[in-house]
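According to TrEMBL, the features are:
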type: BINDING; residues: A:9-16, A:34-38, A:54-57, A:114-117; note: GTP binding site
type: BINDING; residues: A:Asn20, A:Ala21, A:Thr23, A:Gly24; note: Mg(2+) binding site
type: DOMAIN; residues: A:2-163; note: domain 'FeoB-type G'
type: TRANSMEM; residues: A:278-303; note: transmembrane segment
type: TRANSMEM; residues: A:340-365; note: transmembrane segment
type: TRANSMEM; residues: A:385-408; note: transmembrane segment
type: TRANSMEM; residues: A:420-444; note: transmembrane segment
type: TRANSMEM; residues: A:450-470; note: transmembrane segment
type: TRANSMEM; residues: A:509-527; note: transmembrane segment
type: TRANSMEM; residues: A:547-564; note: transmembrane segment
type: TRANSMEM; residues: A:576-598; note: transmembrane segment
type: TRANSMEM; residues: A:618-637; note: transmembrane segment
type: TRANSMEM; residues: A:649-672; note: transmembrane segment
type: TRANSMEM; residues: A:678-699; note: transmembrane segment
Amino acid sequence: MSVKIALAGNPNCGKTTLFNALTGSNQFVGNWPGVTVEKKEGKLKGHKDVTIMDLPGIYSLSPYTLEEVVARNYLINERPDAIINIIDGTNIERNLYLSTQIMELGIPVIMAVNMMDLVEKNGDKVYIDKLSQKLGCEVVEISALKGTGIQKAAEKAVGLAQSGRKAEIVHAFNPKVEDVIANVAAKLGSDVAEEQKRFFAIKLLEKDDKIKEQMKSVPDVSVEIKQLEDEFDDDTESIITNERYVYISNIIGGCVAKNDKRTMSVSDKIDRVVTNRWLALPIFAVVMFIVYYVSITTVGGFLTDWTNDVLFGEIIPPAIQSGLDAIGCAAWLEGLILDGIVAGVGAVLGFVPQMLVLFIFLAFLESCGYMARVAFIMDRIFRKFGLSGKSFIPMLIGSGCGVPGIMASRTIENDRDRKMTIMTTTFVPCGAKLPIIAMIAGAFFGNSGWVATSAYFVGIAAIICSGIILKKTKIFAGDPAPFVMELPAYHWPTVGNVLRSMWERGWSFIKKAGTIILLSTIILWFLMSFGWEGGSFGMVEELNESILAKIGTAIAWIFAPLGWTQAGEGWKMAVAAVTGLIAKENVVATFGMLYGFAEVAEDGSEIWGNLAAAMTPIAAYGFLVFNLLCAPCFAAMGAIKREMNNTRWFFIAIGYQCLLAYVVALCIFQIGTLFTTGAFGVGTVVAFIMIVAFIYLLFRPYKESETLDVNLKKAV
Amino acid sequence: MKTLRDVAVGETVTAKKLNGEGPVKRRIMDMGITKGVQIYVRKVAPLGDPVEVTVRGYELSLRKADAEMIEVE
């Protein structure tokens, strides 16, 4: 008989460690349909017919966060055969709050009290048998980290699932509350199973709208709600929450003995230094410097450069080329393989080493507990523009490379903050954009240092303004973002968990982002190397003859208001901007090809004269800003697609970036030209209208919505 | 009326009443701040907000704007 067991518990209770210990390498990691919440499933070691489902870490079964709704919909609809409820033994009181809710679902529950080694170390005592008796379910002691007791817990859960014994609810609230719950339960139709009636009755009393979607008939309970609210002078949701904690406080005394003479724990001591009023920011800066220095500048950068320039530059392509030459391969096929496929695969894999190094750091910072402190320290600054304190890390990493930067946004729990961070991270000039900056600075501004400096300010301004504008838009205003966050105790993570987290994230990039990167590279290769030469269609030698050049010519008018079309060479700017999608540094090389140079220096010094003749300095600066803000390279777009996990959101992100880039470049050119030459035209008027609209969007009042406006019907 | 926002670092207070409604209030209560619970204000973040409190034996951080919803004595 196949058995399904769900793991449920608070965040930071050791759930993932237990899941890894129970399933080993036998895991499948994906997403819950339609949402970015991670879904992990695995087979119990040594039991092929036992599936373990790792539910998202949650504090409650309230309807207000994605994780909670995903978890409870799964528990209600899929009805696993048993639930292992993991409890952090060092923090029993709050952990039991979720347990009281889980036990109302009418599914057999076994409680695993984790971190028992730590409990003993603190000199505390947890009386397992008393706990079991008070809660009406079996309780086992485990240490997920050391692997003790986990086999026993799993076996008990399997046994319980096979016996099909329903959980008995032994906890009770205030008699007056219990009466009302019983009245509501009696009103429920036969579509609600007997053992789930208490759960549904309580949810209806709590005025939980999401639960109604799960029910065929919804009885009217307004009388009961009114009765309770008058009696207790509070809203029903708070009354029930209160009753749960009152119940827990009543039983906890008999089940847990706290060590009175407790000295400061190691975690407290660390925290006293790390989030100290004066030391917190310097320590944060040092940690960030190390992360950046190792993963972007040195180790990660070196590995990625090696993969890009040596492995996919000097080793693999020549080897394949000589092989293809030897078998007399057709020129177009050789081009497809080398410049399309191999270059595409190289573009995907090139980022992987850097990313893996970064992911080790992120996994470490997350599991040791420092990441929560990062949010604590930086919250004040970032929440002003709709981002999380944790958004700092993606943006910092983004200044090296946007791809790992976007992937780093995974550490942000709040859905809205994460989406916003993904959309804005690539505004920070990454390493590949520096050659464009150098080219424009050299060709138009006499290598002035302010060009590069201003590029960073433009990026930061774009993030801040986007944050403020976006958080007021309809698509973002929907989700509430309460910042009421646990600061978990510091602990030393295991090597296994850190490596596993690194690999899961790296692999999901290769798998999910890889396809889109590879495909786009091949398509662009085709557009660049085919065209009409001498009247017939075929492979072309000159980029000027390619399909892409034709497309560039056809779309050049779009960029006329940005001032790129002087001397009739606007299409070159358009083509260069498009090839920048492969990798931003390509913009420079493409200009080289278009102006007839086989190869140019990294800053394109050979073509500075040509460029200076084609654009005014104002238009050139607009061109630079456009390339900084518009859609990033394919690799970064792949990462955005992966992290949004939703096609609509992917296009919203890319669309927003391109639109913003266009509007800003337009304003720079039009208003800059007005100031330098006094020319006033339709474009100038448009630019001023844009600026007024921009200021309106920036300063319009708004009210944060208090409902979770996400369609979760598809989820589960 | 004293709220959690006004409590100085190092003080211990008792929650008296929670104002407001909706997700933020529910979240605060879910995390264990309910009527009658002891709250120890542990520290303020380096930039002045949020605050860190100890409640039911663990560390919780919340913004001052949300702390204002909690009446204490």
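Note that Cβ sites are derived from N, Cα and C of the backbone, with glycine treated the same way.
Curation does not apply to TrEMBL; its annotations are automatic.
Overlay of TrEMBL annotations on the structure.
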residue  : record              : DSSP class
A:Gly9   : GTP binding site    : strand
A:Lys15  : GTP binding site    : helix
A:Asn20  : Mg(2+) binding site : helix
A:Val35  : GTP binding site    : coil
A:Pro56  : GTP binding site    : coil
A:Met115 : GTP binding site    : coil
In the same chain, who gets a Cβ under 8 Å from the transmembrane segment (A:547-564) while lying at least 6 residues past its ends?
524, 526-528, 530-532, 570-575, 578-579, 615-616, 618-619, 622-623, 626, 662, 665-666, 669-670, 673, 683, 686
Excluding A:Asn20, A:Ala21, A:Thr23, A:Gly24, which residues of the same chain place their Cβ within 8 Å of the centroid of the Cβ atoms of the recorded Mg(2+) site?
A:Leu18, A:Phe19, A:Leu22, A:Ser25, A:Asn26, A:Gln27, A:Gly42, A:Lys45
Cβ contacts the transmembrane segment (A:340-365)/the transmembrane segment (A:420-444), at least three under 8 Å, sequence gap 6 or more
no
Compile a sequence-ordered list of residues in the same chain as A:Pro56 (GTP binding site), six or more apart from it, whose Cβ lies below 8 A from its Cβ; state 'none' when nothing qualifies.
A:Val37, A:Glu38, A:Glu67, A:Glu68, A:Val70, A:Ala71
Binding-site residues (A:Ala21, A:Val35, A:Met115), the one with most neighbouring Cβ atoms at 10 Å
A:Met115
In whole Å, how far is A:Asn20 (Mg(2+) binding site) from A:Gly9 (GTP binding site) when you measure between their Cα atoms?
15
What does the structure give for the C-alpha distance between A:Ala21 (Mg(2+) binding site) and A:Val35 (GTP binding site)? Integer Å is fine.
27
Does the transmembrane segment (A:678-699) make contact with the transmembrane segment (A:420-444) through 3 or more Cβ pairs under 8 Å, each pair 6 or more apart in sequence?
no
Please report how many Å separate the Cα atom of A:Val35 (GTP binding site) from that of A:Asn20 (Mg(2+) binding site), as a whole number.
23
Neighbour count (Cβ, 10 Å) for A:Lys15 (GTP binding site):
25
CB within-chain contacts under 8 A for A:Asn20 (Mg(2+) binding site), separation at least 6
A:Gln27, A:Gly496, A:Asn497, A:Arg500
What whole-number Å value do you get for the CA-CA distance of A:Gly24 (Mg(2+) binding site) and A:Met115 (GTP binding site)?
20
